[in-house]
Each structure stands twice: as C-alpha cells, then as structure tokens.
Amino acid sequence: MADPNGFLKHERQEPKKKSYEERLSSWGEVYADVAPDERDEQVRTQASRCMDCGIPFCHSGGSGCPLGNLIPEWNDLVRRGDWAAASDRLHATNNFPEFTGKLCPAPCEAGCVLSISPLSGGPVAIKRVEETIAARSWEAGYVQPQPAEVASGRKVAVVGSGPAGLAAAQQLTRAGHEVTVFERDDRLGGLLRYGIPEFKMEKKVLDRRLAQLRKEGTKFVTGCEVGVDLTVEDLRAQYDAVVLAVGALRGRDDRTTPGRSLEGIHLAMEHLVPANKFVEGDGPSPVDADGKHVVIIGGGDTGADSYGTATRQGALSVTQLDQYPTPPEIRDDERSPWPTWPYILRTYPAHEEAGERKFAVAVKQFVDDGDGHVKAVELQEVRVQKDQETGRREVVPVNGEVETLPADLVLLAIGFEGVEEMPLLEGLGLTLSRRGTLSCGSDWQTETPGVFVCGDAHRGASLVVWAIAEGRSVAAAVDTFLTGASDLPAPVHPTALPLAVV
Ligand SMILES: Cc1cc2nc3c(=O)[nH]c(=O)nc-3n(C[C@H](O)[C@H](O)[C@H](O)COP(=O)(O)OP(=O)(O)OC[C@H]3O[C@@H](n4cnc5c(N)ncnc54)[C@H](O)[C@@H]3O)c2cc1C
Ligand code: SF4
C-alpha cells in the first residue's frame with residue numbers, strides 16, 4: 001500500500017547535474033555520478049510521493065505512458081526497497097527502461113495527479129525512479145539473457161535497428177523465432193546511436209543492451225541496406241515475416257529562404273551523425289562548430305541536441321531560433337489542460353550551458369560572404385497565423401526591421417517529412433501515405449502480406465517510448481501471423497494517437 005501522505009512530507013527533487021565546466025569538457029551524460037547507496041535513498045524518498053491514485057493517469061496510453069508502465073506498482077516497491085520486484089515489474093512492460101529513463105520526455109509526469117496543482121510540490125519523479133530501477137537492475141545482475149525454451153522454426157527479418165526494431169526483435173526472439181536485424185549503418189541503434197548525443201545517453205548503455213539481445217539469440221547484420229545489399233527477392237525467400245522499422249529519417253529542408261544553397265548550411269542530422277561518429281572514435285566531423293558562430297533554425301528537441309553538440313565542439317556562439325513566441329512557463333489550462341502534454345517552455349540542460357534562444361523570429365535571408373559561404377543570417381520578428389482563405393499556417397513579418405546575426409554554420413532542425421524513399425519500398429510494392437509514413441491494418445501488416453511496420457516509419461517522427469511500444473505490439477502481431485496465437489503483450493493499437501505528446 002502506497003503512502004497517501006508521502007507528497008506532503010517530501011518535495012520533488014531533480015537529480016544533480018555536473019558543473020558546466022565538467023559537462024563542456026567531455027561528451028559524457030550531464031547528470032552527476034552519485035554513490036549508489038545515496039542515489040537509492042533519494043529515489044526511495046521520491047517514489048514515496050506516489051499515492052497510488054484510484055485512476056493512475058500516469059500509466060494509461062491515452063494521456064500517460066504509451067508502454068502502460070506499471071508506475072504506481074514499482075513506485076511502491078521502490079519505496080519499500082524491493083528493487084528486484086520493481087525491476088521485474090518494470091521489465092514486464094518495457095524492454096529498455098534505461099533508454100526511456102534517460103530520454104523520455106515523461107508524459108506520465110504531465111499526467112500525474114500531483115501535477116494538477118503547483119502547491120503539491122510537483123509530479124512524482126517517475127522518470128528518475130524508472131532510470132534508477134534500470135540502473136540498479138544492471139548493477140545487481142537482475143538483467144540476464146532470456147533465451148526461448150522452444151524454437152518455432154520460423155524466421156523473421158527486422159529491417160532497422162532503432163528502438164522499434166530492437167524491441168520487436170527481442171520480443172520475437174524470446175517467443176522462439178529466429179530473428180535477424182538488418183541495419184544499413186555501420187553500427188546498431190538507429191537514432192539512439194547516431195541522432196541522440198552522448199551527453200543525453202552514453203552509447204555504452206546501448207551496447208550493454210545489445211549484448212543481452214545477442215546472448216538471447218538475435219542475430220545482427222550491419223552495413224546492409226535491405227533492398228540493395230540484400231535483394232527483396234532473397235529477403236522474401238529467406239524469411240517467413242518481415243518487420244519494417246526503418247524510421248522516418250527524411251529531414252525537412254528549407255526550400256524558400258534566399259541563400260539556402262550557400263555552403264555552411266546543413267540539415268541538423270548532417271551535424272549530429274558525424275558528431276556521434278566522432279565520439280565513437282571515427283575521426284573528425286566534416287561539419288564541426290569549432291570556432292564558429294552557429295545558428296540553429298527550429299526550436300524543438302533536435303535543435304536542442306545540435307545546440308549542446310555545437311557548444312561542446314567549441315562554437316564561438318550558439319543561437320537557436322523559433323518562429324513561435326516564448327511559451328508560458330506553466331501550463332495554460334485552456335490550451336493544454338491536465339492530464340494532456342502541456343504547451344510550456346522547455347529548457348534542456350544544453351540551454352543552460354551557453355548560447356541564446358530567440359523566439360518569434362524567422363530568417364529573411366542567408367548572407368553570402370562573397371565566396372559562396374554563409375557569413376550571417378538576417379532575422380525578422382514574425383507572427384505565425386492561419387491564412388483565412390486556405391486555413392494554412394503562414395509566417396508573416398511583424399515589421400520591416402531586420403537584425404543581422406553572424407553565422408558561419410547554420411543548422412536546419414525543422415523536422416522530418418517521413419520515411420526516406422528507398423529501393424526496399426518499391427521492391428515490396430509499398431507506397432508512402434500523404435504523411436510520408438507506411439500504413440498498416442489493425443494487425444500491423446502493410447498491404448503486402450507478411451510485411452509489418454512499426455515505430456517512426458509507421459507513426460512519423462516521434463519518441464523512443466512510442467517506438468518501443470510499437471515494436472512490442474508488432475511482435476505480438478507477427479507471432480500471431482506465424483503461429484496462429486500469441487502470449488506477447490501488445491501495449492498499443494496501430495491507430496493509437498499520442499494524445500499527450502505531439
Ligand atoms: C536528434 C534527435 C534526438 C532525439 N531525441 C529524443 C529523445 O531525447 N527522446 C525521445 O523519446 N525521442 C527522441 N528522438 C526521437 C527518437 O529517436 C525516435 O522516435 C526513435 O529513434 C524512432 O525509432 P525507430 O526504431 O522507429 O527508428 P530509427 O531510430 O530512426 O531507426 C531506423 C533505422 O532503420 C535503418 N534503416 C532504414 N532503412 C533501412 C534499410 N533499407 N535497410 C537497413 N536498415 C535501414 C536506419 O539506418 C536506422 O538505423 C530524437 C530524434 C532525433 C532525430
Ligand atoms: S517510459 Fe516515459 S512515459 Fe513511460 S513511465 Fe517512463 S518516463 Fe514515463
């Protein structure tokens with residue numbers, strides 16, 4: 001039984017971060033190392049703030065955790081110090097809690113009853129509890145390979161090794177199928193490897209989990225673009241089912257601003273991928289911010305990752321631009337009522353370290369240095385509004401004033417347009433939807449029989465937690481397709497919309 005008064009006794013506490021100097025002198029995670037005993041004690045206190053509400057909005061897919069994590073259950077187990085049982089309950093719904101514990105924006109916390117009123121001391125620190133259970137699980141040896149007891153004799157190909165592909169592969173391997181994950185990159189992990197920077201999640205965390213998957217029997221092939229290096233004919237001939245977890249990696253470009261073709265202007269991923277490769281030991285990045293004035297266009301999370309990366313590379317200045325006005329500091333109940341995901345100003349550790357953010361501005365033009373390279377951006381204050389006739393979003397200058405910012409490196413972090421065009425899709429007879437994604441039926445099967453889809457490829461650029469939830473769900477569908485029935489859990493339906501995080 002939870003302590004119904006815990007939140008009256010204890011305030012929410014955020015984990016301690018390293019000093020700015022320490023953060024900027026290395027690529028490691030931003031949070032300070034705390035001795036395990038001290039950490040466990042702090043987190044037990046935080047978990048004791050959960051009152052096990054009658055309706056735990058935190059764990060429902062609609063407004064809370066897409067995985068249906070059993071949050072009140074493991075909060076109470078942690079409060080009582082039963083870490084082994086907490087690990088068991090957490091892994092019952094989440095293959096990779098160490099990823100979500102570090103990376104998830106935590107819609108569960110936005111849906112926590114303690115986030116209704118600021119007077120309650122803040123929501124339960126669910127994500128921190130999750131991360132600590134995961135850390136403790138590895139330290140104590142609770143995480144062990146779980147190979148299947150009986151082999152089904154069926155073979156599954158998973159295309160793409162991001163969190164969706166890995167979750168699907170682990171579930172299907174444990175169900176007894178022979179699973180091979182194909183990855184076109186030289187290393188495994190998808191955006192966990194080459195999108196998300198080391199300072200948000202160190203790659204050793206990913207490698208440790210991959211070792212578990214290997215020991216369970218999942219096979220991996222890297223440097224193999226399916227549809228090119230492995231033909232579609234061979235794929236279909238060699239495997240009984242195919243899971244497409246190819247992501248939605250087609251970056252949105254700026255096709256209208258004058259000067260876009262100048263050198264020194266890149267999509268954010270052209271900066272983040274080689275920066276991550278550098279941290280892996282692959283040598284200098286061709287798109288490095290060292291000694292440069294950096295302007296990042298796009299106020300979202302990818303922009304924040306470029307921001308922290310540019311700072312660590314030694315940028316002279318970093319400025320992130322957002323077309324929208326500064327969001328409110330606290331939830332506006334009219335616009336995003338509890339328990340939905342609130343529209344508020346999100347300040348990431350990268351923003352605290354250096355640089356500046358500008359809101360309600362847009363680039364009028366990129367300025368040439370006379371040699372074909374960008375040297376500045378001209379900014380205007382803008383308003384985003386709906387065109388009365390077409391209903392489309394338009395960005396209009398507020399006045400004629402122009403501000404010039406020096407810029408030797410400009411990074412476009414303005415979103416993703418969907419799945420990349422690739423020979424694999426044509427070979428399988430699949431076309432992209434208007435949203436740039438791959439559609440499927442209620443059984444996660446595309447219009448090509450035996451070919452399934454999950455993760456960003458299905459829902460468009462989203463979150464790690466949704467990728468894992470879809471990977472688990474597609475595994476249940478593939479298992480049913482291969483054997484006629486499945487005991488695997490399916491946390492989400494293909495039509496489930498992220499009501500909390502958009
Ligand atoms: C910079 C950045 C930072 C992010 N930060 C966060 C965060 O902090 N928290 C969060 O929750 N989410 C974050 N996200 C979103 C999150 O990373 C994605 O939602 C998630 O990785 C999607 O998982 P996925 O498995 O569907 O696809 P991906 O991770 O994109 O993996 C797809 C994989 O498929 C491979 N592939 C594609 N085609 C083929 C082919 N034909 N053959 C073989 N392999 C192929 C690709 O190389 C890639 O490795 C971030 C995204 C970006 C871009
Ligand atoms: S995965 Fe995300 S939403 Fe689910 S419990 Fe963890 S932090 Fe919350």
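Including glycine, each Cβ sits where the backbone N, Cα and C put it.
The region 'Disordered' feature in TrEMBL is assigned to 1-21.
Residues or ranges marked as compositional bias 'Basic and acidic residues' in TrEMBL: 8-21.
Positions annotated as domain 'Dihydroprymidine dehydrogenase' by TrEMBL: 32-139.
Under the heading domain 'FAD/NAD(P)-binding', TrEMBL lists 155-325 (among others).
For the domain 'FAD/NAD(P)-binding' (382-471), the predicted model reports an average pLDDT of 96. Look at TrEMBL and you will find 382-471 (among others) tagged as domain 'FAD/NAD(P)-binding'.
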Same chain, outside the compositional bias 'Basic and acidic residues' (8-21) by at least 6, Cβ under 8 Å from its Cβ: which residues? 28, 30-32, 34, 42, 45-46, 48-49, 114, 121-125, 128, 349, 352-354
Sort the residues of the region 'Disordered' (1-21) into helix, strand and coil with DSSP and give the three counts. 6 helix, 1 strand, 14 coil
